[in-house]
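Colleague: Okay, so TrEMBL annotates it like this:
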type	residues	note
TRANSMEM	43-63	transmembrane segment
DOMAIN	45-484	domain 'Major facilitator superfamily (MFS) profile'
TRANSMEM	83-103	transmembrane segment
TRANSMEM	110-136	transmembrane segment
TRANSMEM	142-163	transmembrane segment
TRANSMEM	175-196	transmembrane segment
TRANSMEM	202-222	transmembrane segment
TRANSMEM	272-293	transmembrane segment
TRANSMEM	321-342	transmembrane segment
TRANSMEM	354-374	transmembrane segment
TRANSMEM	380-405	transmembrane segment
TRANSMEM	417-440	transmembrane segment
TRANSMEM	460-483	transmembrane segment
Amino acid sequence: AHENTGLQSQLPPEEQNYGTTAAHVRQGPFVSVSRNGPAKRDYLIAAVLCYANLINFMDWFIVPGILLDIQKYFKLSDGDTGLLQTVFILCYMLAAPIFGYLGDRYNRKIILGAGIVFWSGVTLGSSFISELYYWIFFLSRGLVGIGTASYSTIAPTIIADLFEEGKRTTMLSIFYIFIPVGSGLGYVLAAGMAGVTGDWHWAFRITPCMGGLALVLLILLVPHRTQRRTAAHRALSISGTIRVAAEKAGVHRTAKTTWCQDVISLAKNWSFVWSSLGLTAMAFVTGALGMWVPVFLYRAQVVQGIVSPCLEESCNSSNSLIFGGITIGTGILGVIAGAETARRLRKINNKADPLICATSMCISALCLYIALMVAQTNILSTFIFIAFGELFLSVNWAVVTDILLYVVTPRRQSTAIALQILVSHLLGDAGSPYLIGIISNAIQDKNARSFQWSFWSMQYSFIICAFVGVFGGGFFLLTSFYIEEDRKAAER
C-alpha cells in the first residue's frame with residue numbers, strides 16, 4: 001500500500017513485490033499551511049519513518065530467508081510451508097483498510113507506535129516457540145501481518161503531510177525504495193544470523209531490537225499531531241494491500257456518486273480491469289518467487305551434489321543471501337528503469353505504458369522458465385536468469401500505477417486503488433506460495449520419496465509462474481487496445 005502524491009511520471013517505487021504494490025492518488029488543489037520549505041525536523045521525521053519501513057519489510061521476508069530450517073524444525077510439508085506466507089498476507093490485507101479508517105480519525109503517532117511495539121513483540125516471541133506448537137508459529141505470522149499493516153497504511157500519509165508537492169514525490173520515492181531494500185535485507189539478515197549462530201531462532205531477535213530504536217526515535221522526533229491536509233485531498237496510502245477506507249470519509253463527501261456506482265463504473269473501464277489483472281499476475285509470480293526460490297535452489301544443489309542435505313545440522317543459507325542481494329538490486333534498478341523508459345516512449349507512442357508492461361512480463365516469464373530448466377545442470381545460470389526475471393518484473397510496478405492514474409477519473413482513484421490492491425493480493429501473492437506448495441506435495445505423494453523428486457516436484461510446480469507471467473503480458477496487451485479511449489474519457 002502505498003501513497004500518492006502529485007502526478008509525475010517518476011512514480012514512487014514500490015514493492016515489488018514482494019508482496020507490495022504502491023498507489024498514487026492525483027490530488028486536487030489542497031489547503032495547507034504556507035511555509036518557506038521543509039524544516040530539518042521534517043527530514044528527520046521522514047528519515048525515522050523510512051528506517052521503520054526498512055524494518056517493516058525485513059520482517060516480511062525473514063521466514064522465506066530461513067525457510068529450510070523452519071520447514072525441518074516444525075516438520076512441515078511444502079503445502080503447509082506455503083501457507084505461512086498466505087496467512088501473513090491475508091491478515092495484512094484484511095487489517096490494512098481498518099488501520100486506514102483509524103488513521104484518518106485518530107492520532108497517527110499512537111497507532112504507529114503501538115503497531116511497532118505489537119509486531120516487534122510478536123516477532124521476538126515467535127523465536128521461542130517449541131516445535132510441538134507449529135500452529136502458534138502460524139498464528140504469530142498472522143499477527144505480524146496485522147502489526148505491519150498498521151505501519152504501512154499510515155506512515156506514508158505523515159510524509160505526504162510534511163512536504164509540499166514537488167518535495168513530496170521525492171520523499172515518498174525514497175520511502176518506497178526501502179521496500180525492495182528491506183525485502184532483500186530480510187533474506188540477508190535471516191540467512192546471516194542462522195549461519196553465524198547456527199540457530200535460526202536468532203533471526204527473529206534482531207529486528208525487534210531495531211524496532212525498539214525506531215519506537216524511541218518516533219517518540220522523540222515525531223510530533224504528537226502532524227499538520228494534516230484536507231481530508232478530501234490528502235494522499236491516501238495503503239501498503240501491500242491497500243485500503244478500502246478513507247474515501248467514504250473524505251473523497252466521497254464531495255462526489256455525487258455512491259461507492260457502488262463507482263465500482264460499477266470501474267468494472268466498465270476496460271483499461272482498469274485488464275491492467276488490474278496484469279498486476280494480479282505480477283503479484284502471483286513475485287509472491288511465489290519470494291517464498292520458494294531459496295528452497296528450490298537448495299534442492300537443485302543437493303541433486304547436483306554441490307551441497308549435502310541438511311538432515312541434522314543447520315541448513316546452508318547462502319542461497320538466501322544471494323537472492324536477497326538480487327532482490328535489492330533488481331528492485332531499485334527495475335523501478336527506476338521502468339519509470340524512465342515509460343517517460344521517454346510516451347512521447348512517441350500513446351500506448352507505450354501497457355506495451356512496456358506486456359513486453360517486460362513476457363520477457364520475465366521467459367527468463368524464469370529458462371532459470372527453472374537450467375537449475376539441475378548450472379546453478380550460476382539459474383541465478384542470472386532469476387535476476388533478469390525479477391528485474392523485468394520490477395520494471396512494471398511504477399508504470400502500472402501510472403496507468404491507473406490517467407484512465408480513472410480523479411474522484412474515483414481512491415476506490416480504484418483499493419480495489420486493485422485488494423484483487424491483486426487476494427488472487428495473487430496471498431495464494432501463490434500455498435498453491436506452489438500444494439502442487440509440489442501432490443507430485444511428491446505420487447512418486448517415490450527422493451531428493452531428485454523433491455527437486456522435480458518444486459520445478460514442475462514453479463512452471464505455473466511462467467504461464468501466469470505470459471497471461472499477465474496478455475492482460476497488459478489487451479489494456480493497450482482500450483487505453484487511449486479510456487484516458488480521454490477520464491480527462492472529460
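Counting starts with 1 at the first residue shown.
Just so it is clear, glycine is given a Cβ too, placed from its N, Cα and C backbone atoms.
Show me how these features fit into the structure around them.
Modeller: Long-range Cβ contacts of the transmembrane segment (43-63) within its own chain (Cβ-Cβ under 8 Å, at least 6 residues beyond either end) map to 15, 18-20, 70, 84-85, 88, 112, 116, 119-120, 123, 141, 144, 148, 151-152, 155, 158-159, 162-163, 171, 174-175, 178-179, 181-187, 189-190, 203-204, 207, 210-211, 214, 217-218, 221-223, 226, 290, 324.
Tertiary proximity for the transmembrane segment (202-222) is limited to same-chain residues at least six positions away from its ends with a CB under 8 Å from its CB atoms, namely 41, 44-45, 48-49, 51-52, 55, 58-59, 62, 65-66, 109, 112-113, 116-117, 119-121, 123-124, 126-127, 158, 189-191, 193-194, 196.
Panel annotation: around the transmembrane segment (272-293), residues 16-19, 21, 61, 64, 67, 82, 85, 89, 183, 266, 319, 323, 327, 354, 357-358, 361, 364-365, 368, 386, 389-390, 393, 396-397, 400, 403-404, 407-408, 416, 419-420, 423-425, 427-433, 435-437, 458, 462, 464-465, 468-469, 471-473, 475-476, 478-479, 482, 486 of the same chain, lying at least six beyond its termini, place a Cβ under 8 Å from a Cβ of the stretch.
Residues 271, 275, 278, 281-282, 285, 289, 338, 341-342, 345, 381-382, 384-386, 388-393, 395-396, 399-400, 403, 459, 462-463, 465-470, 472-474, 476-477, 479-480, 483 of the same chain sit 6 or more residues outside the transmembrane segment (354-374) yet have a Cβ under 8 Å from a Cβ within it.
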Colleague: Could you tell me whether the transmembrane segment (460-483) and the transmembrane segment (417-440) are in contact, taking contact to mean 3+ Cβ pairs under 8 Å with a sequence separation of 6 or more?
Modeller: yes
